[in-house]
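Visitor: Here it is, the structure in full.
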C-alpha cells in the first residue's frame, strides 16, 4: 500500500509539472510568429536615424542652393521669372520643414518613446506635403525657363539672358532632384512607422488573454 501511494504521488507531481509547459507552448509559438520580419528594434532605430540624417543634409543643400539662386538674381538684373522658385520662398521654408522632420526622426531613433515617434510621424507627413508642393513649383519654374530661353534673342543682352537662364535651369533641376529625394525619404519613414504599428496591432489581436 505504501509503495502504491508513493507511485501515485510521483505521478501526480509529474503531471502537475508538465501541465504549465504544455499550456505555454502555443503562446510561445504565437509570439514567435508575429516577430518583425525586417529585423530587430535596434535595426529600426538605426534606420530611422539614417533617414533623419539624410533629411537634415538634404535641407542644408536645398537652403544653400536657394541662397545661391537668390544671390544670382541680385547680381544679374534680367528676366525675373527665371527665379520664380526663389520668390515663392520654397528653398527657405521647405528647408525648415525638412530639417525639423530630420531632427525629430533622429531623436525618435535615439529615444523611441511614443511621443517622439508620433511627433516624427506627423512632421514627416507635413514634409511630404511640402515636398509635393515644392515639386510643383520647381516643375513650373523649369517650364517657364524653357519658354524664357526662347525669347532671350529679343532681349537687350541675349548672351547674359542665355547664361542666366542656363544657370537657373541647372539650379532648379538640382532642387527638383533633392526635393524628389526628400519625398522618397519621408514616404519611407511614414511607411516604416505604419508597418511597425500594423505589426503591433496584429500581435495584440492575435495573442489571446491568459486563462487562469
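Glycine residues also receive a Cβ, built from the backbone N, Cα and C atoms like all the rest.
Keep in mind that TrEMBL annotations are predicted by a computer and have not been checked by a curator.
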Visitor: Pick from 122-144, 145-167: which stretch is listed in TrEMBL under transmembrane segment?
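Guide: Comparing 122-144, 145-167 with TrEMBL, transmembrane segment matches 122-144.
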Visitor: With TrEMBL as the source, which of 1-36, 37-72 is set down as region 'Disordered'?
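Guide: It is 1-36 that TrEMBL annotates as region 'Disordered'.
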Visitor: Which listed range (50-70, 122-144, 172-194) shows the maximal number of Cβ pairs under 8 Å with respect to the transmembrane segment (90-110)?
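Guide: Looking at each of 50-70, 122-144, 172-194 in turn, the most contacts to the transmembrane segment (90-110) are made by 50-70.
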Visitor: Other than its close neighbours in sequence, what residues sit by the transmembrane segment (50-70), given a CB gap under 8 Å and a spacing of at least six beyond its ends?
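Guide: For the transmembrane segment (50-70), the far contacts come to 83, 85-86, 90-92, 94-99, 101-109, 120, 127, 168, 171-172, 174-175, 178-179, 181-182, 185-186, 188-189, 192.
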